[in-house]
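Structure first, commentary second.
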Amino acid sequence: MTNKIKFTKMHGAGNDYIYVDTTRYPIADPEKKAIAWSRFHTGIGSDGLILIGTSDKADFSMRIFNADGSEAMMCGNGSRCVGKYVYEYGLTDKTEITLDTLSGIKILKLHINGKTVSAVTVDMGSPLETGEVCFGKEYPFRSTQVSMGNPHLVTFVEDISQIDLPKIGPELEKYHLFPDRTNVEFAQVIGKDTIRMRVWERGSGITQACGTGACATAVAACINGLAGRKSDIIMDGGTVTIEWEEASGHILMTGPATKVFDGEIEADNGQPK
Ligand SMILES: N[C@@H](CCC[C@H](N)C(=O)O)C(=O)O
């Protein structure tokens, strides 16, 4: 007998994940499912898998698995989509939702348009660690490390179109200074408080957008005097607005959340027998 699981494909600025309500469909071996289902030819195709569940500390919980099966502490774009999912699928009628993640409890404020959620503002908390990295002769730039619960390495360059992201992304992801690997962002200031950013994500490769990466980029820009406390981060798949609140020290991320389709998959699809 096959065990069918209902899922929803959603994206935040093009960063696409498979979402499963685990209160209805508990998922065994999520690491293996993330690998199998994220594959484009034999699975559903995605940047990873996001599990929505219950929590004794918050309204809902979120777990995020990259396409290589590794579990991450936080997902900015995913958290906005979880807000849209729980509201539009009737799991809550609240428009302010608490979300339990491995990186702490995040507060989601839903922007409602009729019966749908058009955008979400997430209080991402404070950036945890920041620091400068110099690579000496190996790479001719200075980068800024920022933790948004998960690790980011942000490098500002004069011309982002000159960056060979498929080559340098995986090299920096696994660079010896980063034992837990890192997400890699290259960014270019293109106007006042307007930054173009491209990302190589730890565990998923090039994605169209990264929410925590956008937060890290805005923080790095502010620390390095390249932007003020509020900036627009333009990524391949869309734009998010990041505000680093002075009073609280928290980062507020506002951006879109979009449903693509609902589907059903056999639980063992794509997995080695
Ligand atoms: N795309 C996400 C981040 C997903 C996790 C990341 N690849 C990691 O391993 O830390 C986002 O929108 O924040």
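Glycine is no exception: its Cβ is also placed from the backbone N, Cα and C atoms.
According to TrEMBL, the residue from Asn3, Asn113, Asn150 that belongs to the substrate site alongside Asn15, Asn66, Gly76, Asn77, Asn183, Glu201, Arg202, Gly211, Thr212 is Asn150. Separation of the C-alpha atoms of Gly76 (substrate binding site) and Cys210 (active site, proton acceptor): 7 Å, rounded to the nearest whole number. Within 8 Å of the centroid defined by the CB atoms of Asn15, Asn66, Gly76, Asn77, Asn150, Asn183, Glu201, Arg202, Gly211, Thr212, the record's substrate site, lie the Cβ atoms of Ala72, Met74, Cys75, Gly78, Val199, Ser204, Thr207, Cys210, Gly213, excluding the listed residues themselves.
The least crowded of the active-site residues Cys75, Cys210, judged by other CB atoms within 10 A of its own CB, is Cys75. Close to Glu201 (substrate binding site) in the fold, though at least 6 residues off in sequence, lie Asp47, Asn66, Asn183, Val184, Thr207, Cys210, Gly213, each with a CB less than 8 Å from its CB. Counting only same-chain residues at least 6 apart in sequence, those with a Cβ under 8 Å from the Cβ of Asn150 (substrate binding site) are Ala72, Met73, Met74, Ser103, Asn183, Arg202, Thr212. In the structure as shown, the Cβ atom of Asn15 (substrate binding site) sits within 10 Å of 31 other Cβ atoms.
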